[in-house]
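What follows is a single structure, written as structure tokens, with notes after it.
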Amino acid sequence: MKFLTLLFALAVVHTHALPTTNVEVSEDVSHLEKRSFLNQNDLEAGPASQCPEAILIFARGSTEPGNMGLVAGPALAATLQAQYDNIWIQGVGGAYTALISPNYLPNGTNRQSIDEGKRLFQLANIKCPKTPVVAGGYRQGTAVIWNAISELDEVVRKNIVGVTLFGYTKNLENKAQIPNYPPERTVVFCEYADAVCLGIMIPVPSHFFYADDAIGAAPRFLTAQIAAYVPAVSLGG
């Protein structure tokens, strides 16, 4: 089952990128990337006047391509997009280059990567302060997400209604939670024998089998959190 769901995730990435007799060879590469979920920048590109039903911010794992990666990001994004007529999908890229070495820093990633994650959450709040935000991360991406959320101002953090972490590198240290964030809004997925979840930065085969969670339990949790969201009421004049 896990092997099949991994193939599904890869199919999400590659199927639409294959040329057909009706597609010109010169088709815009950025268009292909958008359709394949390898790179998603809806939050950065979307106008504040047309806010979506929800926003997903996802951080890929070390060495993964694009800003969404391969193992969990595309599958999660595709599943959520199938549930909503209008959802913005945003990968954490830019200053977060997903190199391996930052995994060994005390926070599991570096400062510039954390700041990039924070920037995107803050951007979501600036553009669409009444839109529920959900987030996810895989491998080093879990460190980017948890650090960013932990450091956000409460006014920004309160609109983040659910977070799913796949192969959480600080799972033991943080007790399967995100510091300064409600534990009931967080779900951690750690495969059996995934040493990364034990704080051992040695990826074994099970570390790469999160596609089943990314198309099943994770989006079910996030959609339930989005459905339960009630925007804060401003008391200002």
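Note: Cβ is positioned from N, Cα and C throughout, glycine not excepted.
Small disclaimer: the values here were computed from a predicted structure and weren't measured.
Here is what TrEMBL says about this protein:
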type     : residues      : note
DISULFID : Cys51-Cys128  : disulfide bond
DISULFID : Cys190-Cys197 : disulfide bond
SIGNAL   : 1-17          : signal peptide
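On its own chain, Cys51 (disulfide bond) has Lys127, Cys128, Lys130, Thr131 as residues at least 6 apart in sequence with a Cβ closer than 8 Å to its own Cβ. Within the same chain, residues at least six positions away from Cys190 (disulfide bond) with a Cβ under 8 Å of its Cβ are Gly167, Tyr168, Asn171, Cys197. Summarising the environment of Cys128 (disulfide bond), the number of other Cβ atoms within 10 Å of its Cβ, over all protein chains shown, is 22. Secondary structure at Cys51 (disulfide bond), taken from DSSP and collapsed to helix, strand or coil, is coil. Every protein chain shown contributes to the tally, and the Cβ of Cys197 (disulfide bond) ends up with 24 other Cβ atoms within 10 Å.
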